[in-house]
Amino acid sequence: MAGLKARMSHAVTLHRQAAAAATAAASALDATRPAPADQREQHDLAERLRAAAAVLVPGWLGAPLDAQSEDTPLGGPGLPAFVRIGTAQPLDDARFPAVVPLLGTGHLTTDADTRDPRVAGLVRSILLRLLAAAPAGSLLVRGVDAATSGLLFAPFTPLTAAGLMPPPAADRTGLRAVLAEAEGWIRPARPAATRHHRRDHTLLLVIASLPELTEGADLARIAALAQDGPAAGLHLIVAGWPPPPLTEETTQPPLSHATMVALRNPYALVGNPPGASFGGTSPQPTAIGLNSPVFLDEDPPAHLIDRVCRELAVRLDAGSHLRLADLLPDEGDDLWTGDPSDGLVTTVGLAGDRAVTLRFDELTPHWLVGGRPGSGVSAFLVNMVYGLCTRYSPEALAIYLVDFAEGVSFSEFLPDERDSSWLPHVRAAGVEADRTYGLAVLRELDTELTRRSTKPAHHPTGLAPHHTTDPPDHTTDPVPPVPRILCVLAGFPVLTSLDDQLTSEANDLLERLARTGRGYGIHLILAGRTPLGGSLSYSPRDNLFGQFPVRVALPGGGEVLEPTNDAAVGLPLGAAVVNTAGGLGGPRGATRGHERVVRFPDPRAAPATLTELRHRLWTARPADSPAPTVFAGYAHHRLADDPTYRTLLADVDGSVDTSSGQPASAARPTVPAEPAALLGRTVDLAVTTATVPLGPVAGRHLAILGTSRAAAATLGAAARSVAAHHAPGSARFVVMSPTPETAEVASILVGDLRQWQEAIMVDASGLAEALTGDQPGYLVVFGMDGLPPDTLPAGLPSTLLHEGPARNVHLLSWWRQPQRLHHDLDGRAREEIAGMLFFDVPGAEVGLLLGRPVDWRPRPDRALLWDGQTDQTTIIIPFSDPADDRTPVGLISPGHATVGGRS
């Protein structure tokens, strides 16, 4: 309380000094009306105004920036109330600084935006002056620059990492996000005085140029911010206001509480400041605004901006520097000493000098983490994972990681080509994962939940069995305890972004896991820009998200908090609001026991420390710990690297190494008992090989459909994989390409197959002969719909499809036009062909061939596999272009195998 009174007293003193200086300046201005008979009084007045400016805008606030020394100290006792904008010149030889009030008073507008170089220079000079004069970290800046896509603010980039000025908005979406943050700053749910002093920050919104065709509703929001902002510590600099009055909605009056600057050539006219007049206290001032032309300040030297921004960044970093080690047990302590019986606990940040911990237990089983891109969500999650993994052993904690967004936020936990170590707690990870993969993880967790709930002896490590009152049965062998499970879904809104069957099933699984999983040691973290989902808002506590009592809001992530809780507004980078009451705020201005603002480090700032810690955990792992299965959504998969394919080669050619550096005890892939076409890797938890069996059963054929070049590539991979199922020389392949564009691909395939099996290239007549012959083998046709309809005898294709498998004849074909396949088989494609793979084929056409609706949206590097035996569809990543797989069959060099499904 004493500190608050001292700050208030200091602020009052500064205000009185500024008011006295302003009164002196106003009195001097009054003396100019009417104009003096000679110019001597004008020179005297200019001298007095220069003296008044020295009081109002000392140092950085008023000195000419082109002559400002880089050694001038930064900061001051409080936020500056006035700032220089240029030089007033009533006479050729009479000049004085043009000074306007801003912070603590109102706003500043110019009638031209920053496409006018004079306005660009003015905006940058004002911004530099205010940042240099304000106490370090007290002034937060949000920018909008549509005209140059943010380049106007480029010299201030060092402030981004310091948390003072995130990247500027450059379009209407970005403008609305900035306005939403500013509205949260001034939301009247909290008394203005309490809000302002609790933060001890001021927010400056700088609109250098509005996006084209900014809507009237957004302009009205800017006007509303100007009206209410000063009382809440929000101030605006708006260039290009009022905007062009193109419509009634875009016609706007001058902003409230604003000093207006009108551009002329080559000078500018400065209007009266809010609630005052440059004419002083005269009852009837003779001018509206400063009665002198003003030459606006030019662009500051680039080196000066860079020096100020870098020093501010260094000061803030020095005052709040944290290391990952600050959140972990002491380095000298043993690993994995935590007891998970009552839950998991880890330190997530520091509030002042006090460590703040969060738990995963029955009271706080699940977390929501929100923040805009670049706000540190990934850093927060990495800290949390390492914190848990240093405290609990792999037997006590199993982690599933899924990141739907672009990037590799979890890569530091996983093995790669340069470093084979991994975090032993991680069972599976998806990087740039598909929605289908996320659903597969939820299904796996649901299966585990069912297993634990039906067998109470399977309980989290150290916990008593749940939901049973039966006495323990000592007559049977004890069942070992199972670990607690933590599933992290980063970029979660992607999973439920579409209105489809996948979203419906995912929501059902999440509901079950969130409500029931807490009692069986299964915990969830949903993270992202809007983890509640784009179509959802804050909802009642008894719905799905009501099961997530822990809310962590990073900059831009206030949606995870209750609507009237504005604690996340204005957060700098490296800070987060940690709330354990479902986002509820509590009494205005009161200390909240359930909510803290914490600082946390960027773990990637010290990559050597991360590597050392991962190696320490990896070295301590149990000897039989398997590597995690990794689904990399961005990766291309090659047949040559497929573990099933390599195992097939090893079975017929002992010279092929299948280990690729893995221990001899590594699990051997399951190899089909009968010949099968290998098509790619399934989008599932195990990233298994997708196969189509080609045994002696009617319909055992493969049709690949789509116009994509990848479809032809996958047909080539399928043929090569079938050849690997047979001993050398024991299989026959007949290859045809009816169209010239696939002739080269077909010829290359024949050349590869001849190194291992019998293979011939035929034309249309040769294909007809092969189809009618009695020799077993595989017919591989590229572009079968390129055959003229009368090329083959009537009824022959249907006879082949139905009777061929019984005599070991199978058709592997690529069709560019699904309608042609449907027509040639009289609508009986699903009865005649038991394996179909669809590339860029719309869902409606897929449904036509399969005779039922199919939820399928074609996209690059994905295909939909239909299994006629089960009538199930599966999304796969097809094997890439065979040009990458030119290594002859049986001669693939060692060292190409994937690790954990990652390529």
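Every residue, even glycine, has its Cβ placed from backbone N, Cα and C.
Over all protein chains present, the Cβ of Pro373 (ATP binding site) has 15 other Cβ atoms lying within 10 Å. Annotated ATP binding site per TrEMBL: Gly371, Arg372, Pro373, Gly374, Ser375, Gly376, Val377, Ser378, in sequence order.
According to TrEMBL, the compositional bias 'Basic and acidic residues' annotation covers 467-476.
According to TrEMBL, the feature domain 'FtsK' maps to 353-559.
Under the heading region 'Disordered', TrEMBL lists 450-479.
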Checklist entry - Does anything in the same chain, at least 6 positions from Ser375 (ATP binding site), have a Cβ under 8 Å from its Cβ, and if so what? => result Leu554, Pro555, Gly556, Gly557, Leu573
Next on the checklist: Helix, strand or coil by DSSP: which one applies to Ser375 (ATP binding site)?
Outcome noted: coil
Item to check | Lowest local Cβ density among Gly371, Gly374, Gly376, which the record lists as binding-site residues, within 10 Å | outcome: Gly374
Item to check | All-chain count of other Cβ atoms within 10 Å of Arg372 (ATP binding site) | outcome: 18
